[in-house]
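K.L.:
Can you keep this structure in mind? I'll have questions shortly.
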Amino acid sequence: MIEQDWIWGFVGGLLIGLGGAVYLLVNGRIMGASGILGGLVDGSGKNSMWERISFIAGVILTPIALYPLYGAVDTHVTSNMAVLIAAGLLVGVGTRIANGCTSGHGVCGISRLSLRGISATVFYIMAGGVTIVLFRHVLGVI
Amino acid sequence: MRNLFALIAGGLFGAGLFISGMTDTAKVQGWLDVFGNWDPTLAFVMGGAILPMAVAWQLTRNRRPALGGDFPTPPEPKVGRNLVIGSVMFGMGWGLAGLCPGPSLASLSYGGIGHWVFAAAMVAGMLVAVPFKRRLTAMA
């Protein structure tokens, strides 16, 4: 049995991949969220500043347009600010050290059968799984 | 033109993240939580995203990007220390909050204050990463 969430996941995934395909085939760039944002944050992507800003604007804007169709969307985000800050720091530092996240290493890397992309994905999924088990089931923090 | 197509690509990315449910931290954490109530949605999202991307990579052969320049050359297939350390750190943060960079941006408009706190910390982390990476490289 295929649940509805899975179908929407697949449809959304196709759109994500389509976005990556446009960014690659038209702009000649790899669609990695952490790289696009990180290059703006640390100034390393100054030459392509407006391209990066335009991409990020698109990411933020389409959910605003779609939101009314859905009504309330609960993201179930934790209200524990310490957890959010620690998590954000880890994600920011980690993705820049590793040169990629779920979109760059995951979607773009795996689809070109990149050893680095596949390895990174294995490492972050394993680390995420261990973290969930530790902090949810052992420590009961999240 | 570059900016217009970047906006379109980002728009598709944001729409996909929204529709797929990947801005719902419970779905992401549900996928990572193999000992809890496991949620396979993320695998469908990944599968869906990899399909058009795999076609796109095939289309890059013997071609150039539509707006000029060159396609990114594949990096050396080497799994170095930075890749491992960085990915493990990222995975820990991803598991803790259920957010990664793309969905963090996509959910800014409706996720509430928690999403802004996460995004601000992520930006701070990206700044910290610069000296941190330099030190890691110097140690190698």
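Any Cβ shown, glycine's included, is placed from N, Cα and C.
OK, TrEMBL features for this one:
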{"type": "TRANSMEM", "residues": "A:6-26", "note": "transmembrane segment"}
{"type": "TRANSMEM", "residues": "A:53-73", "note": "transmembrane segment"}
{"type": "TRANSMEM", "residues": "A:79-98", "note": "transmembrane segment"}
{"type": "TRANSMEM", "residues": "A:118-139", "note": "transmembrane segment"}
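Walk me through where these features lie, including what they touch and how far apart they are.
P.N.:
Below 8 angstroms of C-beta separation, residues 55, 103, 107-108, 111 of the same chain, each at least six residues beyond the ends of the transmembrane segment (A:6-26), sit close to that stretch.
Through the fold, the transmembrane segment (A:118-139) approaches residues 94, 98, 100-102, 105-106, 109-110 of its own chain, all at least 6 residues removed from its boundaries and within a Cβ separation under 8 Å.
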